[in-house]
Amino acid sequence: MTIAIGKSSKEPKGLFDSMDDWLRRDRFVFVGWSGLLLFPCAYFALGGWFTGTTFVTSWYTHGLASSYLEGCNFLTAAVSTPANSLAHSLLLLWGPEAQGDFTRWCQLGGLWTFVALHGAFGLIGFMLRQFELARSVQLRPYNAIAFSGPIAVFVSVFLIYPLGQSGWFFAPSFGVAAIFRFILFFQGFHNWTLNPFHMMGVAGVLGAALLCAIHGATVENTLFEDGDGANTFRAFNPTQSEETYSMVTANRFWSQIFGVAFSNKRWLHFFMLFVPVTGLWMSAIGVVGLALNLRAYDFVSQEIRAAEDPEFETFYTKNILLNEGIRAWMAAQDQPHENLVFPEEVLPRGNAL
């Protein structure tokens, strides 16, 4: 037996290496360096939202009831934005507004900035998690790139838009009915549905749903090797490693249907990635434009003719009148501190009335 005498080549690990080993260890739920950002931020964002929707009123900021404690349900409860008078204050618990008083902080809308900022960083942490895991198992980072779409929409709607306006007050509150109110606000004040970036976003999201349905149906339709079950679901074997559908058959089918078809899987799946992500990014760019009060399409000639000719009206001019109605009613209700009063004779009416 030979015994080697000398200094061991195994150096003691430093703090960074020890942390790296522990964070990236193979476990049921991967943590990773990204988890240091993801898990605390996601915990605080969700915890803040559940706390706000359960206990916290919006009486002091919006004049509304917004919690389960006040009688709201899942669809009407919300964590509401701070008051318009607080502008873009971060509303830190220890800041000059709340001065360390937790109850006062909740009343002022501090939970909204808390949830919005932790939510944004939590989403970024989730994207970094996908980068980190992809690198660990030697995958391309397209999952993380795809997730940049939802992040862009969240950041543009909840952070960039109110930063371009007079305060956090004009961002969406975190609730189902609150988001619906925000959509109506966007339509009335920005004519959002006629914005080309919104159109591209709708085309991307609905187009992606169509592609997903077509792709799933085509793969199911072209299975050439299945199990012995009576139907696809009974015959499905999740441990089967080999591919059992025919790309050639699918290509021939869609070539006959449309005259064109995807010739390889890489282009097909890249297209399924490209359509929704591009749509979401276009929507986000459009919202950034709205933050700067950029206008959508204006067909002024139709508006002038409709004003001059009582018998001329288009769907566009009717929608413009609807937008005026939304502004007239919503501004007075949504901003009571402005004391807006509109006389009956200035409220919009269609030419048919």
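Cβ atoms are placed via backbone N, Cα and C, with glycine included.
The stretch that Swiss-Prot tags with transmembrane segment, taken from the ranges 27-40, 153-166, 265-278, is 153-166. Annotation: stretch 41-61 has the most Cβ pairs under 8 Å to the transmembrane segment (125-141), among 41-61, 153-166, 208-228.
Separating the Cα atoms of F262 (plastoquinone binding site) and H269 (Fe cation binding site) is a whole-number distance of 10 Å.
Residues 67-70, 72, 77-83, 106-109, 111-112, 114-115, 118-119, 121-122, 125-126, 169, 173-175 of the same chain, all 6+ positions outside the transmembrane segment (41-61), place their C-beta atoms under 8 angstroms from a C-beta of that stretch. Under 8 Å from some Cβ of the transmembrane segment (153-166) lie the Cβ atoms of residues 81, 84, 87-88, 116, 119-120, 123, 172, 280, 283-285, 287-288, 290-293, all in the same chain and six or more residues away from its ends. Spatially, by CA atoms, the binding-site residues Q130, N143, H198, H215 include one closest to H118 (chlorophyll a ChlzD2 binding site), and that is Q130. The shortest Cα-Cα distance from Q130 (pheophytin a binding site) to any of the binding-site residues (H198, H215, H269) is found for H269. Here the C-alpha separation of N143 (pheophytin a binding site) and H198 (chlorophyll a PD2 binding site) works out to 24 Å.
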